[in-house]
Every structure is written in C-alpha cells, then in structure tokens.
Amino acid sequence: MWEIIKTATPQLISAGIKYSIPIALISFFFGMVLALMTALVRLSHKNRFFLIVKGIFRFYVWLFRSTPLLVQLFIAYFGLPYLTIPGIFPNGIKMSPFLAGILVFSLNTGAYGSETIRASILSISKGQWEAAYSIGMKKMQVLWDIILPQAARISLPPLSNSFISLVKDTSLAASITIPEMFEVSQQIAAQNYQPLTMYCLVAFYYAIVCTLLSFLQSYLEKITSRYTIQ
Amino acid sequence: MIRLTNVNKTFDKKPALNQISTEFPENKVTVIVGPSGSGKSTLLRSLNLLERPESGQYQFNHDFDIDFSKPISDKTILKLRQKTGMVFQGYNLFAHLTIIKNIMEGPVKVLHQNKNEARKNALALLDKVGLKDKANVYPSNLSGGQAQRVAIARSLAMAPEYILLDEPTSALDPELELGVLKVLLQIAKEQQSMIIVTHNMAFAQQVADKMIFLEDGQIKFDGSAHDFFTTNNQRIADFISAMTLHEIK
C-alpha cells in the first residue's frame, strides 16, 4: 500500500496544482465578482431599466440554485456544442473542458454568493447609511467605504464555506474530462486495481486542503473582527 | 439663516409635518420640543434631506432655495448635507473605523482634505470633546456618552454651518448625559448654529435661544426660550412640567 501511495502522490499533487486549485481559485474570483454585481443589482432602486436587469439576475440565481452542479457541467461541455446561433456560433458553442469548468463553477458560486452578500449588506443598520449620507457622501462612496467593509466581515464565514465546498466540487470536473485530482485518482485506480486505497488517498488530500482553508478562514475572521466588541 | 415655508410631509397618508413655516437663525441654538410622534425628528431630518417633504420651500442662507414639490439635484443634496452636520440619537459611528478615522472620513472623502491636515483637525476635535486618548480605539469600545461625543466631533470636522442633533442624550444615563451636554454647551458658547431635538427641559432652558414646540406635525409655539418657559399657554406649561417631572424621576 505504501508503494501505491508513494507512486500516486506526486501525480495527485501535480493534478491538484495544475487543475483543482487553479479551477477553484479562478472560479471563486469570478464567482465573487458576479456575486457582488448580482447582489448590488438586486438591491438597487426600482426604476424601469433596473427592473428588467433585476429580473435577469433573479432568473440567473434561480437557475443555478435550482439545478445540480453536475448537470450544469454536462450542459456546458456536452450540451452547448449542439446550440448553434447563426452568425455568432454557427458550429455550436464549443469550449475546452477547463473553460467550461471555470464558467460553470463561477456562475454557480456567483449565484450562491450573491445571496450571502445581499443578506450581509441588508444586515448593516440603516443608521450606517444615514450617517454616511448625512456628511455628504455619494451612494457609491457609502457603499464602498462604509457598507461593504462591514458586510465583508459578516459574509466571510459563509463565503469561506462556499470556497471550501467549491474546492471539493472541483472533483466533479472529472466528469467533463478535466484531469484534476479525482480524475487522476480514477485513472490510477483503473491501472493498479486498488480503488479503495486510491479514493481514500485522494479524499485525504482534499481534506488537507480544506483543513488549511479552514485555518485561513479562522485567521481572516480574527483580523476582520478587530472592531467588534472586545 | 434657514427658512422653511409651508413644508408638508406625510407617512402612510398621515401628516407628519403640517404647513411648517419657521426660521432657524444663524449662530444661535434652536431647540425643538414636543411629545413623541409630533414630527420633531422628521423636521430635523428634512433639514439634512434624509427625509424628503412632499411640498414647501426650504431656503438655506442665499445658497439654496429648494422647492420640495420639485426634484432636487444630487449636487444640491450633497452640498446641503455638507452644510448641515447631523448627530443621531444612536450615534451611528462607522463600526469598522477607529475613532480618528470616523472623524477623518468626511473631511478626506467628501471635502478632499489632505490626510495629515484632517488627522490634525480630528485630534484637535477629539481633544475638545475630551477623548484624545481614544483616537485609535474602535466605537465598540466606547461608552454611549463617549460615542456621542465622537459623533459630535465627527459632525464638527465637516465645519458645517448648522449642526442638527436628534435627541443626542436620550439613549444615555444621566451621568453620561452630563458629559455630552457640557460639550454641547461649550459649542453653543462658540456661536455654532445648532438645531437640537431634545426632551431635556433643563438643558433646553440653559442652551436655547429659540424654542419650537411641535404637536401633531404643527408648530404650536415658535419664539424665544424666555417666552417659552414663561408662557401662559396651558398646554405648553403642562408639557414642560411633565418633562421636568420625568427628568426628576
């Protein structure tokens, strides 16, 4: 067994560094940009233009929260090549597995993250908005300088959870042929006929990454909580 | 001079301000009193445009002449807010910023003051309200009285023409209240124009140049502090004694 672990470990770590971790980091980054945009649009005023944009973002959040991540990956990678748009995509929407993975993971993380950020912004007291407005700050200044820094502290634990979930969910990328850690473990198991050892080994490496992220979360929470009651 | 003419504001079709016409003189302290729900805070917040009356005129010196029945430009709103500093009952200090940064935020972000200059001014203001040693702590570590004094300093940092104080001591126990009142008396002596909503009659009598008594969204008294506290009007006399009794209790 030790021989198997010794042989498989470098390949698993290499797959993690090349695919699992980059997919998680890039998707989380784009997911958070999308989440913030979605949350802000959904909290914006109700003029006619924003009502339409709001409707689009609401539909997006509903769609990605109501369908399984695995199905979303299959649609993006195996389904979209059959969607032809004359003039734009005459031969269907074809993407590399990596790009399809990033796209779906970003959209999925963005949909869940937007609800977390929206709730965090709503939890900041009205008095904070009013105090900032009363000194003549503009709406965007109030948002960036006063509200979002406080909302960030509140949303840190749930968003950290989302990131940890995302790291584990990257294993689903195996289903669209991305050679990330789980896909590599499957390939090795198919060669050495040791599925139990291989899947336990890959689970162990996911657990290590997630544990390290939990420590990082605790550290960040400590830093961002420096202004709460001591 | 702030002048309001026939200002009206409703909440859910109920009148909160009903044909309000009055003036708030410069370099004087105007105190607004009245029973709960009489429209005092709504009136004060309307001066900072945190509330938007539906009709009436709002004249601010010769700088602004606002007709509430017409849209108000963002530029006017921002400029007017810079000239009318607001102090809230619940302090509303920015929870994620240290005390000194709370005070510097407006001057740096709104007035585009140099950071060093803003820091120097902020420290001088903290000294004035007796909290220089708290410059680098967060609001959560202050008592209510200290937080309110910081809120006053934050308002002063913008060098507003008027400071509007919405029940600044209502949330404080008497001991903490005293510290805040001392600071306000000091500022009043310096001829800072102030408009204060309060239930504290002893403080009002001490600080007010002008009194406004509001009831059911209407001004029932508008005159000098001396006239207010020596009035023969039974309703006002009853109100003063009820409030004074409340303070003694």
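Using the three backbone atoms N, Cα and C, a Cβ is placed for every residue, glycine included.
Remember, TrEMBL labels are computer predictions, not curated facts.
Quick look at what TrEMBL lists:
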- A:17-217: domain 'ABC transmembrane type-1' (DOMAIN)
- A:20-41: transmembrane segment (TRANSMEM)
- A:62-83: transmembrane segment (TRANSMEM)
- A:95-113: transmembrane segment (TRANSMEM)
- A:196-216: transmembrane segment (TRANSMEM)
Task: Please indicate, using numbers and ranges, the residues of the same chain that are 6 or more beyond the transmembrane segment (A:62-83) and have a C-beta under 8 Å from a C-beta there.
output: 89, 92-95, 97, 100-101, 103-105, 107-108, 110-112, 115, 169, 172-173, 175-177
Message: Can you tell me which parts of the same chain pack against the transmembrane segment (A:196-216), counting only residues 6+ beyond its ends and a CB-CB cutoff under 8 A?
response: 1, 4-5, 8-9, 12-13, 16, 20-21, 160, 163-164, 167-168, 171, 181-182, 184-186, 188-189
Field: Residue numbers, six or more beyond the limits of the transmembrane segment (A:20-41), whose CB comes under 8 Å of its CB atoms
entry: 50, 53-54, 57, 60-61, 98, 101-102, 105-118, 121, 143, 159, 162-163, 166-167, 170-171, 173, 178, 180-181, 209
